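Features reported for this protein in TrEMBL:
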type: DOMAIN; residues: 16-76; note: domain 'P-type ATPase N-terminal'
type: TRANSMEM; residues: 51-69; note: transmembrane segment
Amino acid sequence: GKHRIVIPCLGRFKEEYEKVSKQYMNNKIRTTRYTLLNFLPRNLFEQFHRVANLYFLFLVVLNWVPLVEAFQKEITMLPLIGVLTIIAVKDGLEDYSRYKMDKQINNLVTKVYSR
């Protein structure tokens, strides 16, 4: 069958390690949910799965209809924007702490046993 070449990531083997390691999948741990590119759309998608946020969105949309308008349009949007912003900041901070922990775990020194 197939054989895997294992090269220690040491100073003198570094070039050979980088050349051979590109052929294989890495084993880095990634527990984060977001990247910089998908944070806003994915976070909004997750937040609008909550019934309360959908209710406030319904009130905002309903208030833009001239016949049903009960408050000023901007005032109706404030609670929804406030809640979405607070939850987005909280999710971003949690995800950043996960990113730092993943980076710390992925850079741990490991022992390699050889016969």
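Just so it is clear, glycine is given a Cβ too, placed from its N, Cα and C backbone atoms.
The average pLDDT computed over the domain 'P-type ATPase N-terminal' (16-76) stands at 86. The DSSP breakdown of the domain 'P-type ATPase N-terminal' (16-76) into helical (H, G, I), extended (E, B) and coil residues amounts to 32 helix, 0 strand, 29 coil.
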